[in-house]
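Participant: When I checked TrEMBL for this same protein, it listed these features:
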type    : residues                   : note
BINDING : Cys16, Cys19, Cys38, Cys41 : Zn(2+) binding site
DOMAIN  : 4-57                       : domain 'ClpX-type ZB'
Amino acid sequence: MKECLNSTRKKGQLKCSFCGKTQDQVRKLVAGPGVYICDECIELCTEIVEEELGTEEEVEFKDVPKPHEIREILDEYVIGQDNAKKNP
């Protein structure tokens, strides 16, 4: 592994240690101690971890105001423009 990284550096072309894509083939290449990882592999790893751990954020809508409440708030700050304040 170390030889591979050294030969890659000599050529001036860094590669992702996971997928082998060069720095020109990816948007971002992050360096670690003796390894590199590209943005695509980071994204894939994030998806795997979220799937396995169930860490995907859940959005809760507990206190969403009703349309008439939103209208009342808008009436306090917006003068006129009734078409913009109508419920769809």
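Each Cβ is built from the backbone N, Cα and C atoms, and glycine gets one as well.
TrEMBL entries are annotated by machine, without manual review.
What you are looking at is a predicted structure, and each value in this text was computed from that prediction instead of being measured.
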Participant: Setting Cys16, Cys19, Cys38, Cys41 aside, what same-chain residues sit with their Cβ within 8 Å of the center of the Cβ atoms that define the Zn(2+) site, listed in sequence order?
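Facilitator: Neighbours found: Ser17, Phe18, Gly20, Lys21, Val26, Leu29, Tyr36, Ile37, Asp39, Glu40, Ile42.
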Participant: Calculate the per-residue pLDDT averaged over the domain 'ClpX-type ZB' (4-57) and state the result as an integer.
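Facilitator: The answer is 85, the mean pLDDT of the model over that range.
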Participant: Within 10 Å of each Cβ, count the other Cβ atoms, then let me know which of the binding-site residues Cys16, Cys19, Cys41 comes out lowest.
Facilitator: Cys19
Participant: In three-state terms from DSSP, label Cys16 (Zn(2+) binding site) for me.
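Facilitator: The three-state answer is coil.
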Participant: CB neighbours of Cys38 (Zn(2+) binding site) within 10 A?
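Facilitator: So the Cβ neighbour count for Cys38 (Zn(2+) binding site) comes to 24.
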Participant: Sort Cys41 (Zn(2+) binding site) into helix, strand or coil using the DSSP assignment.
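Facilitator: Going by the DSSP assignment, Cys41 (Zn(2+) binding site) falls within a helical segment, counted as helix.
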